[in-house]
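Take a look at the structure below.
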Amino acid sequence: MLKLVFSSYRGHCLNTVAPRLRVKPDSNSLFDAVGRLTGLTRRSPTNSLSRAFFCSDSNDGSGSGSGSQPVVEVEVKGVESDSDGSDSKASSAIVPTYPRPEDYLTVLALPLPHRPLFPGFYMPIYVKDPKLLAALQESRKRQAPYAGAFLLKDESGTESSASSETEKSVYDIKGKELFNRLHEVGTLAQISSIQGDQVVLIGHRRLRITEMVSEDPLTVKVDHLKEKPYDKDDDVIKATSFEVISTLRDVLKTSSLWRDHVQTYSQHIGDFNFPRLADFGAAISGANKLQCQQVLEELDVHKRLQLTLELVKKEMEISKIQESIAKAIEEKISGEQRRYLLNEQLKAIKKELGLETDDKTALSAKFRERLEPNREKCPPHVLQVIEEELTKLQLLEASSSEFNVTRNYLDWLTVLPWGNYSDENFDVIQAQTILDEDHYGLADVKERILEFIAVGKLRGTSQGKIICLSGPPGVGKTSIGRSIARALNRKFFRFSVGGLSDVAEIKGHRRTYIGAMPGKMVQCLKNVGTENPLVLIDEIDKLGRGHAGDPASALLELLDPEQNANFLDHYLDVPIDLSKVLFVCTANVVDNIPNPLLDRMEVIAIAGYITDEKMHIARDYLEKTAREACGVKPEQVEVTDAALLGLIENYCREAGVRNLQKHIEKIYRKIALRLVREGSSNEPVMVQPADAEAEVVDESDHHAAANKADVEVETSVQVDTVQTNDQPKDPKDAADSKELQETEATKAVEKVVVDTSSLADFVGKPVFHAERIYDQTPVGVVMGLAWTAMGGSTLYIETTQIEQGEGKGALHLTGQLGDVMKESAQIAHTLARAILLDKEPANLYFANSKLHLHVPAGATPKDGPSAGCTMITSMLSLAMKKPVRKDLAMTGEVTLTGKILPIGGVKEKTIAAKRSEVRTIIFPAANRRDYDELAPNVTEGLDVHFVDDYSQIFSLAFEYDDNTMVN
Ligand code: ADP
């Protein structure tokens, strides 16, 4: 710390410290001590350039060494022209013995701007005046290297302490002016060396200017001064000098930097005579130049000692203050250091214990580190919010609830993949391969995705789109979504909005709520780590309606390409760009999707699969995955085509294939069990040597064996053993043969064959018997075609008479019919009556009969207008007592005038009709276009009629006796 104080204290004069004086290490002398004292520690306010360095006896004539010229051994690095830096050749300023200093009565006058030069001290100065410099060099050459060094007086009006004159301006003063500015008393200085404009002086003895000799360079006549004679044994002088010595010693003691020199100093202190002691004290003190000049001018030894004592006492005081400052700062620093150390230790401990997250700085560092890779891509408004929150985090108390809120908020903000996109696949062929790999058929969906990729390729970027896949359950809506993501090389995220009623699920909670969370979309981005994932929103037709806000509207903001480039989550509170997200929604019934949402979607209907498609799916996809899932090898099992067909026709008739998948999995699970059972019962046989085998067979449980035989008979499973390995031809030795035998045994594969006869053993009794309840529909019964969320189906409409009597005409309805269907029945009743009146005017059946119309599967609620024509036909059949044509099914809404209006779900209804072995189907004429779009394998073998008026249906249904078919 002490160092710090000094360095700052010395700072202002560092730039001027030019020569680095180093006392030779082996010069075990007082010069050593003093040289270092002055060189290392100065608090001197004066420029160090002009600082004097103690060097030798000044030979002022009064000392013991009077007349002799001591050799001064001081290495002056970089100053001495002849110095080569080696100790042995340390440059020495050798003061020549002849001519003697006292012979110089006319000298060049060197102005000293900062401090007087004391006898026995070095002082480097800069001489800027070229003439003066030349004169100095000249005198050095002439073996007369002496000049007079005189302190410059401050200009009148300027403060002595604040030297306003720069070095340069000092040397600008010349001639008479300079002469007037010099103090009268100065020092005879030996010019030790000249290097460039730097001159090193060694002080010798005191001079007094008497007169000026020449102006440029200023040369003056001088008197050599001597101390006034004094009594060496004078007690007062002695006492004063001792006091100076002890004070100096104290100063050296208190200052730790000076402590090293105490020894040397005290060893040599005895060498001093009193006047030199006084000079020494004044020279090394930090006193200002006038005080020093006073000492220089004082010729009375006692007075000089007194002046010096004053200066060193002051030095002592400064030293004490310095010490106390140092101590105080040291205490402060060590306190801080201790704190720092403890903090570091605490951090390390927390890190070790995994508690590091609690630490604010660690937290901020964590967030910053997390943000760093994305910083450039992160939008500026987000960066700004993050920075603000980070600052806030630092200011908050770690235990406050606000802190936790901010921390969580920052956690979310920094974890999102700002500007991170996955490289999209724009290769149509590759995408097609992937789509085909995962799903059979679904040509519409696949085509749409390929279009999307093609557009992306041409434009260079892909835009977010909303595709809605609608269809019954199990047709692959969700799984194709996953497959699309794979084909596009986008990340996949699925969330279901079925029954979702809280807007916050989509838009997030405001941060002020406890346990607030961002919405699903933000969670999705965090999960997938890219900004262009494929998001599958499942069950969009089953959105709930919340008491607070409408989730559909929130979804609208999320999905709408016009709005979602700036989607604002309540929690996040900064807009996020969702325009690159590809949304795929799934729904069972498109009609249930809120209209504004539906409006923005591209709906692709997946109607369901016919038997043929299901066969393909089962063979190529479902069987494969089930086999792999159960660990069964392809060669171990065979499910015959007939069995598969039976499974599809009798167990899994619905539009989708999920149920089929379940059944296939069930079959394979059972096969796996069977294989394991067979395998384990074979195992001991396989690994035992031939003679031991007999034993095992003998000991084996007969009962178990019998049971096994029973099972085989019951299930009539054909179990063949297939050898995959040939017998070893020439086994070399016994060990080899045993090994081979084992390998052969483990490779023996049991093959389980599932055919129609064994199917029931695997999946139980068939669930579906024919959907047809009537082979030939009786009077009053007609087959209709319906469409539900589960796909198409056939249904009968039955009408019967309750009672008859004049004016009893009425209609009673059962079968869980909805309002629309009830109205349909009323319309049918009216229309049937009109038609009958038209066809058989005498027949008053409807007027006098109370009818009961029922739609079987009474437990299933039904609604919709498309059963209109079926109801009329059913009533007319009853009225005319004539059954309708065999294998006929129909669908169509009827108006009161008998016009047939179009219906929905043509494909599903066709598939259902085909499943029920219907040959003739009647569709509204307006649905012809839908029908024409169907694949040939769906329409194959069907006789379809398109009608726009009921009269055509009448002909088709009832006029078959004479075999005249109306088309
Ligand atoms: P959804 O979402 O329509 O209810 P899923 O996507 O869950 O139906 O599909 C159910 C199962 O049927 C999935 O395992 C899927 O792989 C399979 N699947 C459906 N359609 C096909 C198809 N065309 N090709 C192959 N597998 C299919």
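From the backbone N, Cα and C atoms, a Cβ is placed for every residue, glycine too.
Record note: among 76-95, 216-235, 356-375, 796-815, 76-95 is the stretch given as region 'Disordered' by TrEMBL. In the shown protein chains, 24 other C-beta atoms lie within 10 A of the C-beta of PRO472 (ATP binding site). Of the recorded residues, SER866 (active site) and PRO473 (ATP binding site) place their C-alpha atoms 22 Å from one another.
Here the CA atom of LYS909 (active site) lies 16 Å from the CA atom of VAL475 (ATP binding site). The Cβ centroid of GLY471, PRO472, PRO473, GLY474, VAL475, GLY476, LYS477, THR478 marks the ATP site; residues of that chain outside this set whose Cβ lies within 8 Å of it are LEU469, THR586, ILE606, GLY608, ALA655, GLY656, ARG658, given in sequence order. Rounded to the nearest whole angstrom, the C-alpha distance between LYS909 (active site) and GLY474 (ATP binding site) is 17. Within 10 Å of the Cβ of GLY476 (ATP binding site) there are 25 other Cβ atoms, across all protein chains.
Neighbour counts were taken as the number of other C-beta atoms within 10 angstroms of each residue's C-beta; across the binding-site residues GLY471, PRO473, GLY474, the minimum falls on PRO473. The recorded positions LYS477, LYS909 differ in how many other CB atoms lie within 10 Å of their CB, and the one with the most is LYS909. Checking the recorded positions PRO472, GLY474, THR478, SER866, LYS909 against ligand 1 with a 6 Å cutoff on the Cβ atom leaves GLY474, THR478, in sequence order.
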